[in-house]
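Some features that Swiss-Prot has for this protein:
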type     : residues : note
TRANSMEM : 28-48    : transmembrane segment
TRANSMEM : 93-113   : transmembrane segment
TRANSMEM : 134-154  : transmembrane segment
TRANSMEM : 183-203  : transmembrane segment
TRANSMEM : 221-241  : transmembrane segment
TRANSMEM : 242-262  : transmembrane segment
Amino acid sequence: MKNEKNEMPFWEHIEELRKHLIHSVCAMIIATIILMNNKNVIFDYILFGPAKTDFITYRLFHKLGKIFHRSHHSFYFFSHNLEIQNRQIFGQFNIYVWTCFIGGFILSFPYIFYEFWKFIKPALSDEERKYSRGIIMMVTFLFILGVLFGYFILCPFLIHFGYTFRISSFPRNIFDLSDYISLIMHSILSMGITFLFPIFIYFLTKIELISYPFLKKYRKHAFLILLILASAITPGDIFSTIVVLIPLMILYQFSIYISFYVSKKK
């Protein structure tokens, strides 16, 4: 049996949606203000972390490089901090506002999804609600996992590749502030959304736009695409490619299991 909220007139649905949107925007504004009041922590310790030689990922892979008999100067190690420059009068202020705004969205994303779920939940049947239990926790977990993967794995690889790639020994690589911050924020947000792939598969299977046999049949093709994607976003050696590829393959395989579970319950 569906909730009587389904019988609400159209404009009452719009009013209900407006309420959830206001709550989401308020949460995002609060998160943005919190980030703005912690500028030093956000920029010096978090966003500029991958630009420093002592970043945890570089230290970890430097040690792994020694274990696997690489040279003393590990492929994942910088000899000095990266040079980042700002060339616009209001560049730092614009970056400050834009970064805190995007960061506010990332920080409040679980709550925003919660508000979205509260809006659509009354339209679900009791059986659909039963199989959707824990969806908020799962979305939050996968999104945070993707954000961490983007920050600690993807960002260092991309930055290292951009810093070490040379067309000639003549030009120096000095990063532009806006390009650097955009790379960090884009990597974090895109990986957070990418890790929600199993959730998308769940709903696509529920509405029968995709099926378990289809995902299983084209698994090898999907893995090949993931391999190409991982190779494109990593420096080029096999080890870094595998590090990025494995989580993507696990996500796809997990999505197959989810599709099978949903299909079986129908």
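Using the three backbone atoms N, Cα and C, a Cβ is placed for every residue, glycine included.
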Below 8 Å between Cβ atoms, which of the listed ranges 28-48, 93-113, 183-203 makes the most pairs with the transmembrane segment (242-262)? 183-203
Same chain, outside the transmembrane segment (28-48) by at least 6, Cβ under 8 Å from its Cβ: which residues? 84, 96, 99-101, 103-105, 107-108, 112, 181, 184
